[in-house]
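The following features are taken from TrEMBL:
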- CYS367: active site, nucleophile (ACT_SITE)
- CYS370: active site (ACT_SITE)
- ARG193, THR195, TRP206, SER234, HIS237, ARG267: FAD binding site (BINDING)
- CYS110-CYS115: disulfide bond (DISULFID)
- CYS367-CYS370: disulfide bond (DISULFID)
Amino acid sequence: MDEKKKSESGIRWRWVAMVAVIALLLAINTKASWNYFLWNDNQNPNRCKQESCKYTGMVEDCCCDYETVNVLNEEVLNPLLQELVTTPFFRYFKAKLWCDCPFWPDDGMCRLRDCSVCECPENEFPETFRKPSNVLRKEDLMCQEGKPEAAVDRTLDKKVFRGWAEVDNPWTSDDETDNSEMTYVNLLLNPERYTGYTGPSARRIWDAIYSENCPRYASGEMCQEKKVLYKLISGLHASISVHIAADYLLDEATNTWGQNFDVMHDRVLRHPERVRNLYFTFLFVLRAVTKASDYLEQAEYDTGNHEDDLKTQSLLKQLLYNQKLRAACPLPFDEAKLWQGQSGPELKQQIQKQFRNISALMDCVGCEKCRLWGKLQVLGLGTALKTLLSVEGDNHLNQPLQLQLQRNEVIALLNLLNRLSESVKLVHEMAPSVDKIVGQVSGPPSQKVGTLQRIWQSVNDLRSRKSS
């Protein structure tokens, strides 16, 4: 009888000890999991917490706040731009798609057929594009009479359009006046989306852009003009990433396309600076378009189809002179604060050279469709820079602002504004869903399950020993 009691007592103590061990292991595991989350939050300063993902207040270096931008974009800008870029005038873009990379041998490999571009046959794009009329030569451009004030005049002459210019853009590397190697592309048939272009070739393009031509200067080392260039490239990069994530090949076997929330989170949303730079770039380009409003209103949008051309002009006027936009955000970006001081002209030449190098890097993109959209958006950004920052003469404070654009520059500028508008809209709409979905997926729970599995394995071992 005593032996039996001793045996039962020993079993009870073993079970008590086992329960204590389980409780201890669970406590250790819970603490470890909590420490895991804290470590990741502390070690990753770019991790976007829910509070910091809500962008409020003024967009940095701009004259408009995030809330106003989102409302104007949703109610006014995006609907007009989406319709405008489908018109015959704005859907055809002229580009040199087959140029040798001036920096290194082309080694880009595209994994998908979506990488290639469908070029237009000559009878598809407008006849007026092939035989342009009323084209201005460089020697025909005459300086307009300026105003005597010492401050920068942000307006353009009311009688500004006298024909599409045949003048090369000093901010880009391609010679837009050379039509010998140009081909027209229908942008509606070649949407900006995921192409499978990844790996070292793609990374080398962005590495060259940031490290060689648009470096991230340390705090206090970046002047305002170089800061603008960095933010423009960063914002454009973010926009491209948004469009890749928004139109992604989810299943190659079934050719299923859709939104990739992980890509959107990893490349854009978890980096608040990239989102802020996207908004900045959008407002910068919007300012270029509104500044050139008189020029763009008077421009000739002749495609040979009178009804389509009238629609194009009507949509542009609605965009350029929208009362909601003018009342809520009359000056999206103030370019007057740039190029101040004696070093202004030298600094402009330096930044202009850097941007031309960035433009030239587009010939090194190993994916044809990526190269197309890269060239279009860089030309659009170069046109915005040309509109806002280029002034004739050395002493820009006493010189009139003069603007002459090529047809292709205007097509690129408005298509870029549409791309940025769509990116801002997608970021605003997708961010809550991305945060919710990504927030449900994390590493530590799998570690916790593994620990519990080991505990139950220990329990089973003890049971096995008892039964034996």
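Note that Cβ sites are derived from N, Cα and C of the backbone, with glycine treated the same way.
A TrEMBL annotation is a machine prediction, not a hand-curated record.
With respect to their backbone Cα atoms, CYS367 (active site, nucleophile) and THR195 (FAD binding site) stand 8 Å from each other. Among the binding-site residues ARG193, THR195, SER234, the ones whose Cα is located within 10 Å of the Cα of CYS370 (active site) are ARG193, THR195.
Neighbour list (ARG267 (FAD binding site), Cβ cut-off 8 Å, at least 6 residues apart, same chain): ALA238, SER241, ILE244, ALA245, ARG274.
Of all Cα pairs drawn from ARG193, THR195, TRP206, SER234, HIS237, ARG267, which the record names as binding FAD, the longest spans 21 Å. When other Cβ atoms within 10 Å of the Cβ of CYS367 (active site, nucleophile) are tallied across all protein chains shown, the result is 25. In the structure shown, across all protein chains, HIS237 is the one of the binding-site residues ARG193, HIS237 with the greatest number of other Cβ atoms within 10 Å.
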